[in-house]
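In what follows, a single structure is set out as structure tokens and then discussed.
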Amino acid sequence: MDQSALKKVAAERAVDFVEDGMTLGLGTGSTVFFLVEAIARRVREEHLHITGVSTSSRTETQAKELGIPMIGIDDTDHIDLTIDGADEIDRHFQGIKGGGAAHTLEKMVATTSAQNIWIVDSSKLVDTLGAFPLPTEVIPFGHTQVERRLAAEGLNPVWRRNDAGELVTTHNGNYVLDLHVGKIAHPHLLAQFLDAQTGILEHGLFLDIVNKVVVGTESGAEVLNAGR
Ligand SMILES: O=C[C@H](O)[C@H](O)[C@H](O)COP(=O)(O)O
């Protein structure tokens, strides 16, 4: 199976955790694309009543087109479960997200949610985080100062650009600075440092957040419990 097929395997298993009546956080990305299709199928065929809260306009558009009722995050007092993709997950169930530049909205939805499930193909499981460049979202005002500060710390920042060479902007109109840090031995210390930097709106370290990971493998979906 190719990577896309493995993502679909994970997404189609994760939909089993969706229950009637839930307010459901919907993540962003190519794996979540399959999830939204699978949820819409259950809404259609089983007349499941769920309400979605999205983490990007891409997901919002897809969900609405497929008939999933959607509300904004500020229109609810709770989210029961959020299902999202991830870029890397280590053996302590810590993760990196933001490969699609959606990590700020995703973290807001994830940290509002009572439970979180990540859906990934098996290539996303790693021993130590950091092979995937760590995304940060930086406000335009003073962004080169942020870049200098991070470079001085040896975090190898690189602005994310699109195919036309333009700076990628997030939903919030900010820039994405990817940190090529190599192995992240102490993710909590790095997260604390990044949290303290003026100008960084959010970073892609998602620590102590996920409850379950559903992995698409050649032999089917595997459910891993994070024990939290
Ligand atoms: O910003 C994007 C998100 O964090 C995605 O969930 C993550 O990049 C995984 O994406 P995909 O499912 O496309 O591999």
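A Cβ is built for glycine as well, from the same backbone N, Cα and C atoms used for every other residue.
Automatic, uncurated: that is what TrEMBL annotation is.
DSSP classifies Ala86 (substrate binding site) as coil under the three-state reduction. Annotated substrate binding site per TrEMBL: Thr28, Gly29, Ser30, Thr31, Asp84, Gly85, Ala86, Asp87, Lys97, Gly98, Gly99, Gly100, Lys124, in sequence order.
Around the Cβ of Glu106 (active site, proton acceptor), the number of neighbouring Cβ atoms within 10 Å comes to 32. Glu106 (active site, proton acceptor) carries a helical DSSP state (H, G or I). The active site, proton acceptor annotation in TrEMBL covers Glu106.
Glu106 (active site, proton acceptor) and Ala86 (substrate binding site) have their C-alpha atoms 10 Å apart, to the nearest angstrom. For the binding-site residues given as Lys97, Lys124, the lowest number of other CB atoms within 10 Å of the residue's CB is seen at Lys124. When the neighbouring Cβ atoms lying within 10 Å are counted for each of the binding-site residues (Thr28, Ser30), the highest count belongs to Thr28.
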